[in-house]
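Features reported for this protein in Swiss-Prot:
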TOPO_DOM  1-22  topological domain 'Cytoplasmic'
TRANSMEM  23-43  transmembrane segment
TOPO_DOM  44-154  topological domain 'Periplasmic'
TRANSMEM  155-175  transmembrane segment
TOPO_DOM  176-435  topological domain 'Cytoplasmic'
DOMAIN    183-236  domain 'HAMP'
BINDING   Ser288, Asp330  Mg(2+) binding site
ACT_SITE  Asp330  active site, proton acceptor
REGION    413-435  region 'Disordered'
COMPBIAS  413-426  compositional bias 'Basic and acidic residues'
Amino acid sequence: MNRRRRYTGSNPSLRRVLYRAHLGVALVAVFTAGLAVTLVGLLTLRAYADPNQQLIARSISYTVEAAVVFGDAQAAEESLALIASSEEVSSAIVYDRQGQTLASWHRESTGPLHLLEQQLAHWLLSAPTEQPILHDGQKIGSVEVKGSGGSLLRFLLTGFAGMVLCLLLTALGAFYLSRRLVRGIVGPLDQLAKVAHTVRRERDFEKRVPEAGIAELSQLGEDFNALLDELESWQARLQDENASLAHQAHHDSLTSLPNRAFFEGRLSRALRDANEHREQLAVLFIDSDRFKEINDRLGHAAGDTVLVNIAMRIRGQLRESDLVARLGGDEFAVLLAPLASGADALRIADNIIASMQAPIRLSDGSTVSTSLTIGIALYPEHADTPAALLHDADMAMYIAKRQARGSRRLAELNDPRILQEEKEIDSATPEAPPK
């Protein structure tokens with residue numbers, strides 16, 4: 001038969017799975033949104049960078065026009081530096097009519113981010129912008145302006161910092177919302193798991209799952225509680241049936257008295273207790289006189305009524321600690337434990353015999369009388385085992401029945417007369433003695 005796979009603890013819990021899922025979704029969403037915004041921003045900056053670079057080149061061409069006309073390199077450099085230093089320009093060069101460099105300006109490479117700015121400008125900005133310098137409609141030179149990646153780098157760094165901050169805030173928000181959601185989902189599931197574990201380990205079918213705040217989980221809890229109701233009812237019926245079967249296995253169905261197996265087990269325990277506490281006990285072997293005659297003459301129903309009444313009358317003469325059992329047919333056995341003396345056993349036997357003096361009323365209104373013959377064996381005087389005690393009490397009962405029906409007899413240890421009569425009984429025919 002396939003064994004059910006058990007949880008080993010290596011799998012992640014539902015709580016952790018939900019936390020990871022919520023955090024992952026939130027981070028992916030923020031990262032995707034941040035990346036999209038950054039790309040759109042870069043494209044927008046690039047779209048504005050080209051016209052701005054052309055405006056800067058045109059402004060420089062107007063400013064250095066006079067210096068180019070007169071070939072004044074110093075004035076051209078001063079004008080060039082004045083404009084380029086305040087704009088997003090990495091370099092600017094002024095050429096004369098012959099294409100020779102008249103003036104140039106380059107932004108100083110300060111800081112570790114200069115190379116990164118150059119790389120961004122190379123990747124994202126267009127080629128350097130060239131603007132002719134005109135005088136009276138004639139080209140007298142040109143200006144070459146190369147853009148700087150400083151703005152792009154600042155934008156990227158600001159966007160990255162903002163995205164990291166958003167990711168942190170999103171992670172905190174996702175953790176908080178996940179805890180609330182997990183509390184609503186995992187909490188009821190934990191309760192259900194605890195109840196199921198308690199029911200499985202302790203067989204406590206009275207446990208119930210509390211109502212959840214989510215409809216589906218609440219329905220699951222109701223179905224689980226309904227299942228527990230059925231299991232509790234089934235368990236109760238099973239216990240009742242087991243108790244009934246156990247009672248039937250150890251009790252006589254007619255008289256409801258314990259049977260021979262139950263009596264012998266109880267006698268064995270009583271002997272151990274008596275030996276441990278040095279106490280005395282007695283076994284009474286009881287047989288109904290002329291029961292076969294009553295059963296044959298009046299029928300089995302009358303015989304059953306007689307047996308039930310005998311059981312009730314014997315039980316009525318005993319203490320709560322004593323035990324009476326039906327061994328079979330019309331034979332009964334009584335365990336008297338503890339016992340103060342053998343005289344108490346004789347007195348109880350006399351009371352049982354006396355209880356049978358009143359006639360037994362049958363179902364048809366008629367009455368019938370019977371008597372009981374009792375054999376008594378004492379522990380430890382006569383025997384110290386269950387079988388030996390029952391045997392000695394049985395032998396004493398048969399001897400008493402031969403001598404006088406409706407009497408009682410105490411087994412006697414090593415009594416020659418008892419031994420002789422016991423031999424006669426053992427050698428007699430299998431037919432039971434008259435009752």
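Quick reminder: no glycine exception, Cβ is built from N, Cα and C everywhere.
Fair warning: this is a prediction, and the values are worked out from it, not measured in the lab.
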Structural state census, the domain 'HAMP' (183-236) (DSSP three-state): 42 helix, 0 strand, 12 coil
For Ser288 (Mg(2+) binding site): DSSP state (helix, strand, coil): strand
C-beta crowding around Ser288 (Mg(2+) binding site), within 10 angstroms: 23
Cβ neighbour count within 10 Å of Asp330 (Mg(2+) binding site): 22
